[in-house]
Amino acid sequence: MRHATVYIDRQALRYNLNRVKQLAPHAKIVSMVKANAYGHGIKDCLAALETTDSFGVACLAEALEIRDEGYTQSITLIEGVFSQDEMPIVIEKNLECVVHHAQQIKWLLEYKTQYITQKLKVWIKLNSGMNRLGFKPDEIIEVIQQLQHQGFHCVLTMHFANADVPDHPMNQRQIDQLITIKTACAPIEISCCNSAAIFNWPELHFDYVRPGIMLYGASPFAEQNIHQLDLKPVMRFTAHIMALNTIKAGEHIGYGSLYTAKTDMTVAIVSIGYGDGYPRAFIAQNFVALGQQLFPIVGRVSMDMLAIDVTDRDIAIDTEIELWGHTRLVDEVASANGTIGYELLCRLSNRPIRKVIS
Ligand SMILES: Cc1ncc(COP(=O)(O)O)c(C=O)c1O
């Protein structure tokens, strides 16, 4: 059997959710479970998140997965609806919508009676400089007043473009804009903190925080690892050694023959590749873990296999290797590959077997 396994540790997920509660004791928690719970498997994660106040998802299909599992907490569609035909389902399934565009207001108002009867909230998105979604500061006050006047319960929301870089000058500009709008629309509920912002600015937790990556035990910061943040990794990604080869100095390894052995060496072939979601590039400083030790990857990663240098080590076929998890953190693999932990977690394929540790 090919051993390529993703272990999901629900205790770690519970621990990280409790970390959010510790850091933001007065805010409600919207646990971000979009993109299949950042690649962890939404169904496997929900049970460990049952004490969250709410869930955040990117689209209706993701919200319906949660409702189909029987969870009744509120769910926010953080990009709102994409078309008018989603509105009746939003109402039927008791979902909350972000409103970031005039078109969405039109759709909302057409369903106003039913929506308000159920006393649901709408989250009005401020574009404070990220220029992705939202109303500009000079238009949002009117939007909020209009919706409040129509009887909606409005939450003012925004997203930081640089929360992972606490002293980035854009942060203060975004905060200033939020506070100006908050003051103009008072009293109004507010939500602006993702994981990095939860750590950076306790004074900005307001009514709802929206943790994502920290729940899964990866770091939102390049300069601080999860041990420094007191988070636990939820995912452990492993594979086994399927072959051991000796190669002579001067011989090459893998596609493109990019790696040339400087001396005679022993190479272990591990049953994992980019078809499973491990990054393909051949990077000089890329490692996997065996126990507490790190072993360098040699040559380009293939679709189903990669090679590691195990010269002078007493290692047998079928030994388990950790791609990321406890010894080798996903953030370290990401950084070696010029990306972020978020991307590696989200782009895992469904080929590895999934096992839940409760
Ligand atoms: C609007 C919004 N809020 C919160 C989050 C969670 O961010 P993080 O995973 O950095 O905590 C995201 C993630 O992309 C988001 O788009």
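Cβ coordinates are placed from backbone N, Cα and C, and glycine is handled just like the others.
Per TrEMBL, active site, proton acceptor is recorded for K34, Y255. The N6-(pyridoxal phosphate)lysine annotation in TrEMBL covers K34. Summarising the annotation, TrEMBL assigns substrate binding site to R132, M303. If you look up TrEMBL, you'll see 234-357 marked as domain 'Alanine racemase C-terminal'.
Among the recorded positions K34, R132, the residue whose Cβ has the fewest other Cβ atoms within 10 Å is R132.
Here the domain 'Alanine racemase C-terminal' (234-357) is broken down by DSSP into helix, strand and coil counts: 16 helix, 46 strand, 62 coil.
Ranked by Cα separation from K34 (active site, proton acceptor), the recorded positions R132, Y255, M303 are led by R132.
The average pLDDT the prediction assigns to the domain 'Alanine racemase C-terminal' (234-357) is 96.
A distance of 11 Å separates the Cα atom of Y255 (active site, proton acceptor) from that of M303 (substrate binding site).
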